[in-house]
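J.: Annotations per TrEMBL:
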BINDING   Gly76, Val79, Asn83, Asn341, Leu470, Ser474  Na(+) binding site
COMPBIAS  40-56  compositional bias 'Acidic residues'
COMPBIAS  696-706  compositional bias 'Polar residues'
REGION    23-56  region 'Disordered'
REGION    674-707  region 'Disordered'
TRANSMEM  70-88  transmembrane segment
TRANSMEM  100-121  transmembrane segment
TRANSMEM  142-169  transmembrane segment
TRANSMEM  226-247  transmembrane segment
TRANSMEM  259-282  transmembrane segment
TRANSMEM  302-323  transmembrane segment
TRANSMEM  335-356  transmembrane segment
TRANSMEM  458-483  transmembrane segment
TRANSMEM  495-513  transmembrane segment
TRANSMEM  533-550  transmembrane segment
TRANSMEM  571-594  transmembrane segment
TRANSMEM  614-639  transmembrane segment
Amino acid sequence: MPKNSKVVKRDLDDEVIESVKDLLSNEDSSDDAFKKSELMVEDPEEKDVDVEEGSDVEDERPAWNSKLQYILAQVGFSVGLGNVWRFPYLCQKNGGGAYLVPYLILLLIIGIPLFFLELAVGQRIRRGSIGVWNYISPKLGGIGFASCVVCFFVALYYNVIIGWSLFYFSQSFQHPLPWDQCPLVKNASHTFVEPECEKSSATTYYWYREALNISSSLSESGGLNWKMTICLLAAWVMVCLAMIKGIQSSGKIMYFSSLFPYVVLLCFLIRGLLLNGSVDGIRHMFTPKLEIMLEPKVWREAATQVFFALGLGFGGVIAFSSYNKRDNNCHFDAVLVSFINFFTSVLATLVVFAVLGFKANIINEKCVTQNSEKILKLLKMGNLSQDMIPHHINFSSITAEDYNLVYDIIQKVKEEQFDSLGLKSCQIEDELDKAVQGTGLAFIAFTEAMTHFPASPFWSVMFFLMLVNLGLGSMFGTIEGIITPIVDTFKVRKEILTVICCLVAFFIGLIFVQRSGNYFVTMFDDYSATLPLLIVVILENIAVIRIYGIDKFMEDLKDMLGFSPSQYYYYMWKYVSPFVLLCLLVASIVQMGLSPPGYNAWIEDTAMEEFHSYPTWGMIVCISLMVLAILPVPIVFMVRRCNLIDDSSGSLASVSYKRGRIIKEPVNLEGDNTSLIHGKSPSEVPSPNFGKNIYRKQTGSPTLDTAPNGRYGIGYLMADMPDMPESDL
């Protein structure tokens, strides 16, 4: 560099500053639009500036401490309770090992491509869900608001499940476990087993009566359950403390909350494989039923599971990726996290069915013992002949195989009178065929199996601590999907917003800790997220592929990744994924229309669940949840379409100053309005920053140059960002 280059540069800078001063002094007083625009030369030391890629100046946006922390955050968000108690149920219900085939196909068709898309737009634009879709098209800004509403609805009831897990965790530090035996009731004359427990089981009774103290219907509130209220408060305090500093506080917790569940699952798998009957459970699990795989319902449920397992549409994926550097390999991240999620589901399925196989074996042994006693009584009474019993059968130590042999003989000989004998077929497969999911799996079936473990309190503590960590990992991403877009858009302090959000959610969440709260959890789970999220992701796909342009998006990916992504994604995004999503949306609407809206109520007298239809006000709530979740999309579209928002500072024109000249450019309200000057294409325009005015200093030669991320590197460049809320840009 010549010795006098600094002097020349200083003179050039002074000349440009003088030209700006001349513009200010010669301002036309009749130009209202110009008067309203704000022109200021920002301090070079200002933190919130748009900087050249590779410069020493960094913007204020937080960043992940390491790539591992980011991957753990995405894994923690995508791997949740559904991997433990939903995927095994679907696998069992839809053909065992054969279910993995449609799941993997749909993971490749809609899962990985759409997950990659969300990671890419978040990393490219570096904003939350509201800012991202506002940047692509202000008319579609409602997509981000819809994601926030859905996240809030889900967070309301998801944290209740964490509260339930905290309650069971707190009750696990005792031996025997409190749900091991039915409680005894004493009166003046004698002691007897609690009738409700005797009709069901110890774990079922504990769940419905001791934990939830559930009412008999949705309309019967029954008041607050104080135990669950305290647990819900504890859950929200944990979430608030972890999220109050954003990723800088939650990121550190991810090392434990994301990794600990894998430690527990591996421990349970090793312990489960050593239990009697575990191999029967795993064999039953992965025995393929190929005929079931051809049913459309299997593919619909597999697509829904792929969709929700990766957290698509919630905004959490976009929020987490927005804290990445622009040159991060988000394609690798998308594939890695997707397959970690899949293998976690398979691992959880192995654990669940190893334990359920053990439980089924215990129940089968009880069945064999009880029915063998019945056969002995029938032999003594003369109802059965001793001649039909094989000589090698010893009823004092009869095996399941010997019992089934005797059962088949009696059934053939006493064909007409067999039903009156009251004998049952004791097949371990029959017990394993009883499909259990959700809370029924975690808080009833699994807890019952753990009561038979040696050192059962230890395993119970580990299991429910795992559920708490799985839930918290998903909650962090869900809350980030609310906090990040609002902070980016409205410029509020993250700490204050986090506290307010958690307080409001706790008080609204009190409806879930009434005695009827479990029914509200079912309602929110069924209606608050499914359809709205499908619509959100379809609109996301349209926004990127049609509005922004798939060719420009592919160029952006090439700039970020350093290589061109496979054309596979081009065709998936443009044709296959939208078609599959539309089919899934139609199938979900049809399924919702065919299934009577209702819930399973626990009836105390019969100690059984009974299906109840929602009352009229309940149906109104269900419909309102879906409408409120998707309502921001048409509202924002109409507001933008009809120009109902009056942006007083430069919304009608883009004003650019370059080397003392004023360039006034009309804003293209219909298309992408992010280009600043010279018709710059959106793929070449940098993601916006918070400030109204952007100054870029000359860093190289005065010739026009485009940086790798599409930024101009010439002179001073200032632009008043057009037709978009200040905070979004």
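Using N, Cα and C of the backbone, Cβ positions are placed for all residues, glycine too.
All annotation found in TrEMBL is predicted automatically rather than curated by experts.
Source: prediction; values computed, not measured.
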J.: Show, in sequence order, which residues other than Gly76, Val79, Asn83, Asn341, Leu470, Ser474 on the same chain lie with their Cβ within 8 Å of the centre of the Cβ atoms of the Na(+) site.
T.: Val75, Phe77, Ser78, Gly80, Leu81, Gly82, Ser258, Pro261, Thr344, Gly473
J.: Which residues, given as numbers and ranges, are at least 6 beyond the ends of the transmembrane segment (100-121) yet have a Cβ under 8 Å from it?
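T.: Sequence-distant neighbours of the transmembrane segment (100-121): 91, 132, 136, 293, 298-299, 302-303, 305-307, 309-310, 312, 317-318, 321, 330-331, 333-335, 337-338, 342, 346, 537, 540-541, 544, 553, 556-557, 560, 569, 572-573, 576-577, 580-581.
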J.: For the transmembrane segment (495-513), which partner among 70-88, 142-169, 458-483 gives the most CB pairs under 8 Å?
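T.: It is 142-169 that shares the most Cβ pairs under 8 Å with the transmembrane segment (495-513).
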J.: Are there at least 3 C-beta pairs under 8 angstroms linking the transmembrane segment (70-88) and the transmembrane segment (571-594), leaving out pairs fewer than 6 apart in sequence?
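T.: No, the transmembrane segment (571-594) does not contact the transmembrane segment (70-88).
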J.: Among the recorded stretches 226-247, 458-483, 533-550, which has the greatest number of Cβ pairs closer than 8 Å to the transmembrane segment (259-282)?
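T.: Of the candidates 226-247, 458-483, 533-550, 458-483 scores highest.
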J.: In sequence order, which residues at least six apart in the same chain have a CB under 8 Å from the CB of Asn341 (Na(+) binding site)?
T.: Val75, Ser78, Val79, Asn83, Ala309, Leu310
J.: Just jot down the residues in the same chain as Leu470 (Na(+) binding site), at least 6 apart in sequence, with C-beta under 8 A of its C-beta; none if empty.
T.: Val79, Gly80, Leu81, Asn83, Val84, Pro261
J.: When neighbour density is defined as the number of other C-beta atoms within 10 angstroms of a residue's C-beta, which of the binding-site residues Asn83, Ser474 has the lowest density?
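T.: Ranked by other Cβ atoms within 10 Å, the binding-site residues Asn83, Ser474 bottom out at Asn83.
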J.: Six or more residues beyond either end and a Cβ under 8 Å away: which residues meet both conditions relative to the transmembrane segment (614-639)?
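T.: For the transmembrane segment (614-639), the sequence-distant neighbours (Cβ-Cβ under 8 Å, at least 6 residues beyond its ends) are 138-143, 145-146, 149-150, 153, 218-219, 523-524, 526-529, 531-532, 535-536, 539, 597-599, 645.
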J.: Output the single range from 70-88, 226-247, 458-483, 533-550 maximising the number of Cβ pairs under 8 Å to the transmembrane segment (335-356).
T.: 70-88
J.: Can you tell me which parts of the same chain pack against the transmembrane segment (70-88), counting only residues 6+ beyond its ends and a CB-CB cutoff under 8 A?
T.: 64, 161, 247, 250-251, 254-255, 257-259, 261, 285, 305, 308-311, 316-317, 320-321, 323-324, 333, 336-337, 340-341, 344-345, 348-349, 352-353, 437-439, 441-442, 467, 470-474, 476-478, 480
J.: Return the count of C-beta atoms lying within 10 angstroms of the C-beta of Val79 (Na(+) binding site), excluding that atom itself.
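T.: The answer is 27 other Cβ atoms.
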J.: Looking only at residues six or more beyond either end of the transmembrane segment (458-483), which have a C-beta under 8 A from one in the stretch?
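T.: Residues 73-81, 83-84, 128-129, 147-148, 151-152, 154-155, 158-159, 161-162, 165-166, 168-169, 172-173, 177, 238-239, 242-243, 246-247, 250, 253-254, 256-258, 260-261, 264-265, 267-268, 271, 311, 314-320, 442, 446-447, 450, 494, 497-498, 501-502 contact the transmembrane segment (458-483) from elsewhere in the chain.
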